[in-house]
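Structure record follows, encoded as structure tokens.
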């Protein structure tokens, strides 16, 4: 029977026209960003490019005394679900952080940042108090009973929230991750907004960590649609990882080191990554910190994180001890309903991990043997190419890309004539009778949308009622931004670990590297101690560069309100401090350094350590 199935699969592959020509990843990237504009809720801006949409959800939050206008509809309905929306924003931000230059080269960095800000503006409104977060507007049960345009929906728009009495660590944690990641995106272009996002991220993480509980036990109407199967430990680790990356605050690195074992970060061997299960994403980020030389005393724990990241990558390549299922056409397959969400998320992780390994001159360790990083990027490309049409059906699963794409998408807005064209009221049930049941193509093209995709045998039915396969979602598209940007820029190596620093150049005859002498601690001035260490070195264009990590420790029983550092003999870039002339101080987001706490900053140059000293401080 198995042999017959293999032959049948081969015949299936040969019986359909397969378009294996190269794809225009830049065009696909541009189209994928348009989908987010189609999903916008609230007052649409003047530069809105998806013109068949109009304003909607203009009274959201009013009955609860809060302004919740804005944000995104998650998929083909008109509900604003907080958990998948936050994951969407996190993944868009991660795409910009890793591949901002490539997005800019394609002319899409501005649109990507706009898409992120549309989400974070909403999260700011949804987080009116440190320990209050609104996690849903609308109700999936009543919303799905109707088939209406978002511009004239008559369904209940009740707002649901979490608070100390009704906690939701997973929801608050993911939103903290989104705000922290987005703060990195806006750090240069809008510093004040970046600081605001980071403040919200700090508060949300504290809320999530202090008042623990699953959000779908508090917002029970979400359980049927976006239930938190994995619990909240993965989101707490995920948020801590993003907060460390955004703030360079040692507290969050220590959180990962202390809780990696107990919260499952070093224990779970994953074969999926998505809006619910974040472990593979955490493991990938922590592996990055390890490669950057930031692990310090947590090295042993972080190595276990990396082993799990390797497990995930190996399972996708079919070189692990437990490999993920694939269709006969080569698409990874996790589940019948919206399988494509796992394809795009996995493709993103393999893309960044490939670049992390390349930058650190490492390789992937699988049970089947060592694997070159390039194989991970090739895997991501194979999945993207399948999505864009290189599959047994020669079907593009991105709406509007190619000549053969879904025409009857499970999406209320695209399937009903535009409100701008015909303002005749579409009733709740009348929408099903008139528009949902139509056999014709959608009147509005949902450009760029990634639909749920084929089944385990590469079969796909382009029917509006086939929601498992034809419904799109924002979290399908978000991870794809970075992958498409990366693929559109070719296959040369990137230095993802040290952006803005020359990429390492392979030298045929390795030059001996004389490690500079580092003393620890370098200097102590009263209650402030400073410890420096070299965490990495590489050769580029005949010159050896060193990465130094410097930790400032408050040894006083009182908080450190202000700090002035003198840094002499510094010949390269520095991260993690604010600068005024020749003086350096606490980063702008840090108002004080509490007793016993520390902060870390990093600099890179091509000589011995800089001379770091305390020139002044104020205690609370």
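Every residue, even glycine, has its Cβ placed from backbone N, Cα and C.
As recorded in TrEMBL, the features of this protein are as follows:
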- 410: active site (ACT_SITE)
- 462: active site (ACT_SITE)
- 471: active site (ACT_SITE)
- 528-608: domain 'Carbohydrate binding' (DOMAIN)
- 1-21: signal peptide (SIGNAL)
Among the active-site residues 462, 471, which residue has the fewest other Cβ atoms within 10 Å of its own Cβ?
462
Would you mind listing, in sequence order, the residues at least six apart from residue 410 (active site) in the same chain with a Cβ closer than 8 Å to its Cβ?
76, 451, 464, 465, 466, 467, 470, 471, 472
Which numbers of helix, strand and coil residues does DSSP report for the domain 'Carbohydrate binding' (528-608)?
0 helix, 51 strand, 30 coil
For the domain 'Carbohydrate binding' (528-608), report the average pLDDT of the model, please.
80
